[in-house]
Amino acid sequence: MADRYENQAPETLQGKFHAKLICCILGIGGLVAWNSLLTIADYYYHVFPDYHPSRVLTLVYQPFALVTVVILAYHESEINTRKRNLIGYIIFTISTLLLIVLDLATKGRGGIGPYLSLCTIVASLGLADATVQGGMIGDLSLMCPQLIQSYMAGLGVAGALTSAFRLMTKAAFENSNSGLRKGALIFLTISALIQFLCVMLYAYVFPKLPIVKYYRRKAASEGSKTVTADLAAAGIKSQSYLTDDVSTYQRLSKKQILLQNIDYAMNLALIYILSLSIFPGFLYENTGQHGLGSWYALVLVGMYNCGNLVGRYTPLVKWLMFENRKGLTIATLSRFFLIPAFYFTAKYGDQGWMIMLVSFLGWTTGHLNVCILIIAPKGYKGPEKNALGNLLVVFVTGGIVVGTSLGWLWLIGKNNAF
């Protein structure tokens, strides 16, 4: 079946706005469960006060994500991307529903049994995260930069929305019995609905958009096998997009691709090592008591998420877009000056300075992350872009794991820290 768009420039294709909108929603669905867990951490601190929920749940979630994403990145060229992403979003939906069932079954009571069950479900969320993030970034790396930016913006929207809803639910239920629990259940219900919407959009709407079909056919013509199922879902079953030119299908190995982009990969790891060593554990446990009382940690998390969201859109401003590789590395390394800044602000500063620092941490995390993911795939063929996208997600996840582990160092010297 001939595709009437195959000879048109991508900018003239129909469906670009809808593709960007759907990518944003898919991004929200990829992180809304995790952001919900972080945002309702005050509820889990109430139920499990002795188990450091924000730190432990992060440490449970991320290693499962790292192991899964490494395995999937190694086999990326053989994996059906459509099935991979759909399975990931389905696991997200089921696991979030299980969090609701667990809370209802235990009636919000604590104890080691419910806590271990919570950790098990969180581990399955980590598996779903790795399945979706690597698959989506690899898939969107085949397409125009605006779709990657929209997806990454969706990840930021997930954090900002959950923080906004959490502040609203806290205000609504603060003076009622079981207010924290009601707010947490509302959050998890909304998360499950969004994730189910992602399953429907990715399965039935996204693959049929003309601009998406164009890029996937282009990738297939360059030898990509990961898009075959998506093309079939869009009604393209012909092999007319293939060519007899064997040189077209030659691609760099994963090792070659990684070596050519090692600075991008290491920068992504360092971005998240710093961010996750501070967020969220430090914000919940190490910032002391201030005038905002129990609202303080929620406000800090909200400001981080808002800064992160803004940072994922600022690369659209040309003069703010980092394209120089050395400049990206310098900007990434300079962020480590934030560690002493947070330490002395928590010890001697007031809440205004802390809010400003947290906002800046979130903004730089989102901005630098999007800059790298937009720039890195340029100049590669479809299969190589997919491989690079998966490899970069490995370093992102690795940075998150290291960062959450280093977050425990803030507890050194504290009384009753463990």
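In case you wondered, yes, glycine gets a Cβ from its N, Cα and C as well.
Caution: TrEMBL annotation is automatic and unverified by curators.
The transmembrane segment annotation in TrEMBL covers 21-44 (among others). Long-range Cβ contacts of the transmembrane segment (21-44) within its own chain (Cβ-Cβ under 8 Å, at least 6 residues beyond either end) map to 53-54, 57-58, 61, 88-89, 92, 95-96, 118, 122, 125, 128-129, 132-133, 136, 140, 147-148, 150-159, 161-163, 165-166, 180-181, 183-184, 187-188, 190-191, 194-195, 197-198, 201-202, 205-206, 209, 280, 284, 294, 297-298, 301, 305.
Here TrEMBL flags 56-74 (among others) as transmembrane segment. Same-chain residues lying 6 or more positions outside the transmembrane segment (56-74) and placing a CB less than 8 Å from one of its CB atoms are 34, 37-38, 41, 44, 84, 118-119, 122-127, 129-131, 133-135, 254, 276, 280-281, 387, 390-391, 393-394, 397-398, 400-401, 404-405, 407.
Within its own chain, the transmembrane segment (86-106) is flanked in space by residues 29-30, 33, 36, 114, 117-118, 121, 124-125, 127-132, 135, 181, 184-185, 188-189, 191-192, 195-196, 198-199, 202-203, which lie at least six positions past its ends and keep a Cβ under 8 Å from the stretch. Taken from TrEMBL, the feature transmembrane segment covers 86-106 (among others).
Annotated transmembrane segment per TrEMBL: 112-132 (among others), in sequence order.
Under the heading transmembrane segment, TrEMBL lists 144-165 (among others). Nonlocal intrachain contacts for the transmembrane segment (144-165), taken as residues 6+ away from its ends with a CB within less than 8 angstroms of a stretch CB, comprise 10, 16, 19-21, 23-32, 35-36, 38-39, 136-137, 186-187, 190, 211, 215, 298, 301-302, 304-306, 308-313, 315-316, 366, 369-370, 373-374.
Long-range Cβ contacts of the transmembrane segment (185-206) within its own chain (Cβ-Cβ under 8 Å, at least 6 residues beyond either end) map to 18-19, 22, 25-26, 28-30, 32-33, 36, 39-40, 85-86, 89-90, 92-93, 96-97, 99-100, 103-104, 162, 165-166, 169, 212, 233. Feature annotation from TrEMBL assigns transmembrane segment to 185-206 (among others).
Counting same-chain residues at least six beyond the ends of the transmembrane segment (264-283), those with a Cβ under 8 angstroms from any Cβ of the stretch are 38, 41, 52, 54-55, 58, 258, 297, 300-301, 304, 325, 328-329, 332-333, 335-336, 338-339, 342, 346, 358, 361-362, 364-365, 368-369, 372, 375-376, 391-392, 394-396, 398-400, 402-404, 406-410. According to TrEMBL, the transmembrane segment annotation covers 264-283 (among others).
Per TrEMBL, the feature transmembrane segment maps to 295-315 (among others).
What TrEMBL lists as transmembrane segment is 327-346 (among others).
Long-range neighbours of the transmembrane segment (352-376) within the same chain, counting only residues 6 or more positions beyond its ends whose Cβ lies under 8 Å from a Cβ of the stretch, are 137, 141, 145, 148-149, 152-153, 156, 261, 264, 267-268, 271-272, 274-275, 278-279, 283, 287, 299-300, 303-312, 314-315, 320-323, 328, 331-332, 335, 338, 341-342, 345-346, 388-389, 392, 396. Under the heading transmembrane segment, TrEMBL lists 352-376 (among others).
For the transmembrane segment (388-411), same-chain residues at least 6 beyond its ends with a Cβ under 8 Å from one of its own Cβ atoms are 55, 58-59, 62-63, 65-66, 69-70, 72-73, 76, 130, 133-134, 137-141, 254, 257-258, 261, 264-266, 268-278, 281-282, 285-286, 369, 372-373, 376-377, 380, 417-418. Marked as transmembrane segment by TrEMBL: 388-411 (among others).
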Message = Are there residues at least six beyond either end of the transmembrane segment (295-315) with Cβ under 8 Å to its Cβ atoms? List them, or say none.
response = 35, 38-39, 41-42, 149, 152-153, 155-157, 159-160, 162-164, 166-167, 170, 279-280, 283-284, 287, 289, 321-322, 351, 354-355, 358-371, 374
